[in-house]
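Structure, as structure tokens:
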Amino acid sequence: MTTDSSMPATVIGKAEFSNTKAASEFGTNLSRWRLNVDNGRHMWEYLESEDEARKRPQSILEKYWLGLPYELPARPRATRALEAVENGWEFFKRLQTADGHWGCNDDGPLFVTSGMVIARYIVGIPIDSHMKQEMCRYLLNVVNEDGGWGLFIQSPSTVFGTVMNYCMLRILGLGPEHPAMARARNTLHRLGSASATPTWGKFWLCVLGVYEWEGMIPLPPEPLLVPASLPFNPGKWWVHTRNVYISMSYLYGHRFSMPPNKLVQALRDELYDIPYEQINWPAQRTNVSAADRLTDPTWIQRSFTSALTTYETFKIPFLRRRALNEALFQIETETRNTHYLCIAPVSFASNMLALYHAHGRDSHWIRGMRDRFIDPMWLCREGLAASGTNGTSLWDTALTVQATIDAGLAARPENQAILRKALEFIDNSQIREDPLGVHHVYRQPTRGAWPFSTRDQSYAVSDTTAEAVKVVVLLQQIEGFPSRISDERLQQAIDLILGMENAGGGFSAYEPVRGPKFLELLNITELYENVMTDNLYPECTSSVIMSLTTFAREYPTYRARDIQACVSRSVDYLLRSQYPNGGWFASWGVCFTYATMFALQGLACMGRNESNCAACQRACSFLLQHQNPDGGWGESLDTVRFKQYLPHPDGSQVTNTAYAVIGLLAARCGNHEAIRRGVAYLMKEQQDTGEWLPGALEGVFAPPGGMRYPNYKFHFTLMALGRYAAVHGDECLAAQLV
């Protein structure tokens, strides 16, 4: 490392973040917030008194996520990859929580928090004043210049984003004459007013009592009565679409709406550009603003909407009653299986309203969900918002452990206490049983799985299970680590992974693809694409290949033929799914660089690389083609929508660069200089604290929506640097750092 006798003993890290003018009037004393954790669960708490705050000083972790300054020992500037790893790890290990995991926000979609706030308002559960302030601050920090909000942060204003967050801010106490509300209202009316919101927005306005059910595309619950073998049964749909639809159909079937009150009456006046009583509601069913609609409706979708409307006119009462009872059973079982969390906050909110309608506010259902409201909430630099899930606890922890193994950190005695704690968390997070009513409620078996977030959330995910198995096998091989997770439990996980394979090879996320692709023709979300069924993903498939081959080396006799056949089919899928441009397309990260990183690692497990595989040659050529002059890579989120590599307008990004370097190293790319330049870019972007600063949105959820995965800039970068040193030696890169 470069040393300097004049180097300060400490360095101050800071967020380099400031509130917008509108947000600056809101917020709380950030020095009073503390993060409580429990087996991956996150609960931000505001300490009311100065005495409490003194007794429990803020940690570096809390200060970092809140955007407060923090003081750390100064680190010499790295000139070698492993020195950068050392500096990065010295910082990142401080973000481990008390229960052993690495957690963070995965916010981005701008309708999740608003749905939860609307649901809580309707049920009559007040929100703590400090949470209200921070929710307001978040929205006013991510507001667009025109005063509106989009589908996700950093996206153009839409009716859906604007009307949902307008209603949320009014519920939280902002008056209609507040400058932020006036600007939002002007944008809303310019885009077509609330009547032009998509179906999801119409639903939320209906339950709030500020839109009429006659203006909705019908959402009948009767598909639940269709034989499970037919594609129109929700059991054949993507798991998130299924969960949202079931609760929406229950509330639609009952025409549930909040009784009018003073705020509801005011919103009826504020949200529309004509008097509420004069709106022709049936004419609004397919009225969706051009700013919201992803594609124009097809004649099939128009015909489907007409058929639903006709059916609703002539519905059979006893079938409707049966369907509503079945919907309620599905909602109750989902809530019970997930310990009141539900699969994600979007369906949590609509499920809460359904259970409130069925059982009342004093039921154990609502009490249990009230206590879980905090779980997906994360207090980040902009304020408080719901994440897309109840966190990323298991996923980020597994990737972090992998990074320490790759960089040789895990074998060092000074790191083993930290990583034993991480292993303990992974141990505690494995799901040990199948869900109640597994087949009736369309669930994939979960015994032996690892979840994306927490065991309580209880959903099996193919790649999180795969990554967990891989790091458990590797970590438990290292001297000094206990064998916390038995051979039997690892074998259960392998059984589960093998059971999730799709016919013909390849892996989805939550469950094998169940429905035919033509269901996408009936997609009435207007907002998203490819959300009617699950899909095959190169990133999930590659994680499975890496996991199975790692497991097979340690346990060569367990289901050897099944594993070999699955890996072979998975490799065939990767070769089939490569794009003509040479890359692979991701659905969970941005985008070609992300999936290509995974695919090249998966192919490398079977000995395929640039020297012997045409697919790897094309992939290396693709990545090298898009390297920027500064040595980095930067890919725009717009790639997800347009299906072609688009450079990021702000230039190179740490995450995309790490992905590309990992992929090129996995493929044994012969262009050492290009890889060296990528590594040098990562080292130049490292701060004096050892951290890397936030950049562009890292993740994708339901294309084209973007979301944050802020830990990606740490563990993938540490992986890239560690693997570079392992492959090319820990050479001095001082000349490249000038």
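Cβ atoms here come from the backbone N, Cα and C positions, even for glycine.
If you check Swiss-Prot, you get these features:
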ACT_SITE  Asp463  active site, proton donor
REPEAT    132-173  repeat 'PFTB 1'
REPEAT    490-531  repeat 'PFTB 2'
REPEAT    567-607  repeat 'PFTB 3'
REPEAT    616-663  repeat 'PFTB 4'
Taking DSSP H, G, I as helix and E, B as strand, the repeat 'PFTB 3' (567-607) contains 24 helix, 1 strand, 16 coil
For the repeat 'PFTB 1' (132-173), the DSSP residue counts stand at 23 helix, 1 strand, 18 coil
Close in space but at least six residues away in sequence, with Cβ under 8 Å from that of the residue listed as 'active site, proton donor', the same-chain residues are Phe507, Ala509, Tyr537, Glu539, Cys540, Ser543, Val544
The DSSP breakdown of the repeat 'PFTB 4' (616-663) into helix, strand and coil residues is 25 helix, 4 strand, 19 coil
The average per-residue pLDDT within the repeat 'PFTB 3' (567-607) comes out at 98
